[in-house]
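All remarks here apply to the structure that follows.
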Amino acid sequence: MSANSFGKLFTVTTFGESHGPAIGCVVDGCPPGLEIAPEEFTHDLQRRASGKSRHTSARREADEIEILSGVYEGRTTGTPIGLLIRNTDQRSKDYSNIAQQFRPGHADYTYWQKYGIRDPRGGGRSSARETTMRVAAGVIAKKWLKQRYGVLVRGFLSQLGEIRPAGFDWDAVEDNPFFWPHAAQVPELETYMDALRKSGDSVGARVDVVAGGVPAGWGEPIYGKLDAELAAALMSINAVKGVEIGDGFASAAQRGTEHRDLITPEGFLSNHAGGILGGISTGQAVTASMVLKPTSSLRLPGATVDADGSVVDVITTGRHDPCVGIRATPIAEAMMALVLMDQALRHRAQCGDVGEVSPRIPGQVDV
């Protein structure tokens, strides 16, 4: 299996399976001197973790990071950073009955067709367990971006099934298990998810992610566009079926006079472009959203075939998320941070001597 690495100057390679002994990653290209300690990974890893509420998978992993290399006396050395998390709560017997069956809507069939062999335990490499290491690598990128440029990356759940936020408050996002920006709606979400779990079905979701403080100039104009690489990064997350930058698909119904972000010396008057023009950051907030499909691991029977081609009904037992989007916010944040750090290093390598060009337009102003 190839294509397990991400990035150009700042790269991340992940490895491991859902029910293997461990998962891990190698982070290469991190500048030396960044202070980092194992306990700094805990917050974001726990934000992504399952088993924290009745609305996610009951699997409980400690997700304790081991730093194997690339850090000496608490500081990065500039050499590859090896990170490892040992799996401790696998329950592979849950998959014995479907080991030879292809779950509809899952990667079982495509992995089988590509490789002629697959690990059925928990989805193997196609499991969202892999994203744990993306979040771990993202901790490094987030810290470097914040210290070096003041960039803050954060996200929230912007749709759960048919439900959308009735208001917005960043302070509310971290105070509920949904990363929902309107606290008054949390009871409604709880009721909705309780009914969904009882029915045995699943539902899709949407996550928005925002990076504030991104300087103008990051990104490359043709094949290394910031928005193209960000879209690819978010699309690589399990279950993601669509990505928007800025207004995205809503742009189809807009007029040019509405969509263009007017510029004044005091700042841009809007941000329909999502902080990116011509593949290069404008200095405004970089905004993106991703849509996640409903999980296909259901306890409701569904028609499929097995490895022999026989028609069967598949029922997935075990521990699964009825909505994978609930835990996806820290994953989206991590992928945006990884893209931004890689682009920042590439910009510095080629254009570091350019300096600040006038006029420098501030980000969006309140109108």
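Cβ atoms are placed via backbone N, Cα and C, with glycine included.
Per Swiss-Prot, the features are:
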type	residues	note
BINDING	Arg48, Arg54	NADP(+) binding site
BINDING	Arg125, Ser126, Ser127, Asn238, Ala239, Gly278, Lys293, Pro294, Thr295, Ser296, Ser297, Arg319	FMN binding site
REGION	41-60	region 'Disordered'
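Sequence features, as recorded in Swiss-Prot, placed on the structure.
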residue	record	DSSP class
Arg48	NADP(+) binding site	helix
Arg54	NADP(+) binding site	coil
Arg125	FMN binding site	helix
Ala239	FMN binding site	coil
Lys293	FMN binding site	coil
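Minimal Cβ crowding within 10 Å, among the binding-site residues Ser127, Thr295, Ser297, is found at Ser127. For Arg48 (NADP(+) binding site), the Cβ neighbour count at a 10 Å cut-off comes to 23, with all displayed protein chains included. Summarising the environment of Arg125 (FMN binding site), the number of other Cβ atoms within 10 Å of its Cβ, over all protein chains shown, is 21. Distance noted between the C-alpha atoms of Arg54 (NADP(+) binding site) and Thr295 (FMN binding site) is 16 Å. Looking only at other Cβ atoms within 10 Å, the busiest spot among the binding-site residues Arg54, Lys293 turns out to be Lys293. Counting in whole angstrom, Ser297 (FMN binding site) lies 19 from Arg48 (NADP(+) binding site) by their C-alpha atoms.
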